[in-house]
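**Q** The feature region 'Disordered' is assigned by TrEMBL to 1-48. Per TrEMBL, the feature repeat 'PPR' maps to 95-129, 130-165, 166-200, 240-274, 275-309, 310-344, 345-379, 415-449, 485-519, 520-554, 625-659, 660-694 (among others).
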Amino acid sequence: MSSRRVRVTGLGRPDAGVSRTKKQQQNQGLPRQHQQQQEAGGGGRAGREHAHHLFDELLRRDTTSIFDLNSALSAVASESPAVALSLFNRMPRADLCTYNIVIGCCSRAGHLDLAFAALGRVIRTGWTAQAITFSPLLKGLCHDKRTSDAMDIALRRMPALGCTPNAFSYNILLKGLCDENRSQQALHLLHTMMADDTRGGCPPDVVSYTTVINGLLREGQLDKAYCLFDEMLDQGMSPNCITYNCLLHGYCSSGKPKEAIGIFRKMCRDGVEPDVVTYNTLMVYLCKNGRSMEARKVFDSMVKKGHKPDSSIYGTLLHGYATEGYLVQMHQLLDVMVRNGTQPDHYIFNILIGAYAKHGMVDEAMLAFSKMRQQGLHPNIVTYGTVMDALCRVGKVDDAMSQFDRLISEGLTPDGVVFRTLIHGLCACDKWDKAEELAVEMIGRGICPDTIFFNTLLNHLCKEGMVTRAKNIFDLMVRVDVQRDVITYTTLIDGYCLDGKVDEATKLLEGMVLDGVKPNEVTYNTIINGYCKNGRIEDACSLFRQMASKGVNPGIVTYSTILHGLFQTRRIAAAKELYLWMIKSGIKFDIGTYNIILQGLCQNNCTDDALRMFHNLCLIDFHLQNRTFNIMIDALLKGGRHDEAKDLFASLLARGLVPNVVTYWLMMKSLIEQGLLEELDDLFLSLEKNGCTANSRMLNALVGKLLQKGEVRKAGVYLSKIDENNFSLEASTAESLVFLVSSGKYDQHINSIPEKYRPTAKSRAVFSQKKKIQGCLMLPVAMEL
């Protein structure tokens, strides 16, 4: 083979260390005017005609060498493999370089069969195939997820043909394995390369290590990836920016910001300059985790280093600001972006419109929508979807439908998001006919609103108490041929129960079975709970017994619901009987069930039984909650057993639990009733020391209780605390204050009340007195005023 041919073959190597550009290499040997045309030309019909014209001229020249023809063929192949193959058929002669180009063209065009046929011709001709000859084949096989076949060729067939795989060959295999989530095999192959290197084989390069590190990270094997990174350093290999970016992205994706920052700092210490991808990776992580202010610092650092942010990087930070509601910062960054010469694109406008929509700023959203058109950008389907969602949120469903008609007229195809947004908006406005019409159109376009969409809508309506609308949606599902599943039925059943329509829920359960949908435990629990809340314990027990016969085993939630219902209807014996049966059946109790039993016993004057159960739970070291202690403390205090309640309060701390506001309120209420006001103050101080904060409700309740007991001075102290915390005075507290002043019994203590509350109390007291007088004289209040 000629030296010229070897030289041309070398030019095809991606890792060849040459100074000329690929385009210059491809154009070598072409007439100057054709080089210029080739550089200016592109694909398409004009490019094909030019390529054929060039080949015609080369073929007419007597001095044209195979080198010139291969150069022309290579130039065409980079732009259009199909055209290159047609030109190959016109070549009067070919060498190994020619076939290398042809094999590459066939592989890139997806015709591996033709590529293998060309390789067969090389072997039959007697040429010694080189690693570059096989590289396109290896790439094509890996692209088709046939990495095992590629490995067989590289590790077995290539050596048999006298061709040693090079680093580029191995890197293709490593990437293929990682793309198939076989990073462990890639790691083994990398170690094989290292072992072969000691025997004069092919050592792994930075691309090899980076490829496997990235594969391990994508599969979540962070520890192995970092070990390989350390191994890479031990081998004297210097990681490049791409290596660090892979590690950075891997740690950020796995929610390990400390490790990511550590990698970033090491990168800077090792003298590897972070690129735009590095900074963007950090910014994306920070913005996704609600830390857009920190992302801004990264952005400023990037700009300071001389990197020019593009639209996508601006978009990352703008989206972060929008998500967190920092609209002022969002506008400021947008101004910076425009001043720096980057005009908003579709992505940026969609962020702005979405931010306005999220915060109910429909007018601003529509203004941004108009500006988008003014700048020559036509809204895409995402833009329209965002605008329609904003309009539907504020009930402007007719305007949303107008935008829908407009997007159709502009030739855009509505997607599932657009249809679901409009259907939801129409249903919320009681426009059921139009919603059904749109659902039918949606299905006609091949976009079916799935069961999940309808279930979400049903759940929203039922939680808002709009069960009639929910039933309409439920019926609509049948008309548009969407399958109703157990969640669909259970959601509507829950809606009926919340609305107090348990009989309707029961009818729906029967219809559910007839429709071939099997109720689950949640379905039965929902109706049982509905019966219990309506005091229909017999119906609840009847349905409870039916569950097992229908093949649905009751769980702890079911038993807890029945127990609660029995206690609420004072059927203590039945509740105890069920409790004992549960123990015999080996049913495991959770703390929620025990709380129901303890509270049920206490409410039905069985406090001693509850205490015995509570102490047994303490003995077996069962994990108790604050609520458990609160139930028992409340029962003891109501029974006048104050010392036992105090002991229980102290034991709560001993068990490592911190009393909550409810616990403290129970104890404080008891101390007020007993007149132990000094102990009340001590207890309030301990509340603050234990890290428990008195809320508005608790302070208002304290003041109200003190006022009821005539403890005006002490009430004044806690009124001051309400004022210090900027809490509001609740209506019941204000009423107690007015009653106190109007009675006149505590005038000597009126100065104990903070001054800001005195005028209010006095004016209300005067008004109250006037109403009493008017009531006696039977005069309307309006006349007196």
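Keep in mind that glycine also has a Cβ here, set from the backbone N, Cα and C atoms.
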**Q** Apart from its near flanks, which chain residues at least 6 from the ends of the repeat 'PPR' (625-659) lie with a Cβ under 8 angstroms of it?
**A** 591, 594-595, 598-599, 602, 607, 610-611, 614, 617-618, 666-667, 669-670, 674, 687, 690-692
**Q** Which bits of the chain, at least 6 residues beyond where the repeat 'PPR' (130-165) starts or stops, bring a Cβ under 8 A of a Cβ in it?
**A** 9, 12-13, 96, 99-100, 103-104, 106-108, 110, 112, 115-116, 119, 122-123, 172-173, 175-177, 179-180, 182, 189, 201-202
**Q** Below 8 angstroms Cβ to Cβ, which residues of this chain, lying six or more residues outside the repeat 'PPR' (310-344), approach it?
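**A** Contacts of the repeat 'PPR' (310-344) (Cβ under 8 Å, skipping residues fewer than 6 from its ends): 276, 279-280, 283-284, 286-288, 290-293, 295-296, 299, 302, 351-352, 354-355, 358-359, 372, 375, 377.
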**Q** Any residues 6+ beyond the ends of the repeat 'PPR' (240-274) with a Cβ under 8 Å from its own?
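**A** For the repeat 'PPR' (240-274), the nonlocal Cβ contacts are 206, 209-210, 213-214, 217-218, 220, 222, 225-226, 229, 232, 281-282, 284-285, 289, 302, 305.
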